[in-house]
Amino acid sequence: MENLMETLKDRLKEKGYKLTPQRRATLDTIMDNQGKHLNTEEIYGLVKEKCPEIGLATVYRTLQLLEEMQVISRINLDDGCSRYEFNTHEDDHQHHHLICQSCGSITEVEIDLLEHLEEEIEKNHDFHINDHKVKFFGICSKCR
Ligand SMILES: [Zn+2]
Ligand SMILES: [Zn+2]
Ligand SMILES: [Zn+2]
């Protein structure tokens, strides 16, 4: 955890940025709420509790910066807002998301399960796959 902050500090420094308390609070908020897929407004609301002086524009720019540095990923769940999650495995394939069309809950599927498909695609299309974003829409167990 502190290691990660040190690495991030160095990487920000290389790009001419500093790990300001506001940036740190934004990242902490995303890490503390892993699995909740918070949107920009929700992140802003939580960061404000720690840094009352922070503005939405600062949070917005911080999210863009962290995304650019691949510390967090933006996920689009077709609900009209950008949601963010912490990148647990920087080089790994993204986990899949199950979206309930009734209550809107989001469940994560940790296993890739696509290895066979990826292999076929790579072979048949001479294409190297780095990642994928897979969303499944349906009805969760609580809504049936
Ligand atoms: Zn994969
Ligand atoms: Zn549901
Ligand atoms: Zn997720």
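Residue positions begin at 1 at the first shown residue.
Glycine is no exception: its Cβ is also placed from the backbone N, Cα and C atoms.
What TrEMBL says about a protein is an automatic prediction, not a curated fact.
What TrEMBL says about this protein:
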BINDING   C100, C103, C140, C143  Zn(2+) binding site
BINDING   E115, H132  Fe cation binding site
Assigned element (helix, strand, coil) containing C143 (Zn(2+) binding site), judged by DSSP: helix
Other residues near the Zn(2+) site, CB within 8 A of the CB centroid of C100, C103, C140, C143? Q101, S102, G104, S105, I139, S141, K142
For H132 (Fe cation binding site), which of the three DSSP-derived states applies: helix, strand, or coil? coil
What does DSSP assign E115 (Fe cation binding site), in three states? helix
Under DSSP, is C103 (Zn(2+) binding site) part of a helix or a strand, or is it coil? coil
Candidates C103, C140: member of the binding-site residues with the richest Cβ shell (10 Å): C140
Checking the binding-site residues C103, H132, C140, C143 against ligand 2, those whose Cβ falls under 6 Å of one of its atoms come out as C103, C140, C143
Including all protein chains shown, what's the count of other C-beta atoms within 10 A of the C-beta of C100 (Zn(2+) binding site)? 18
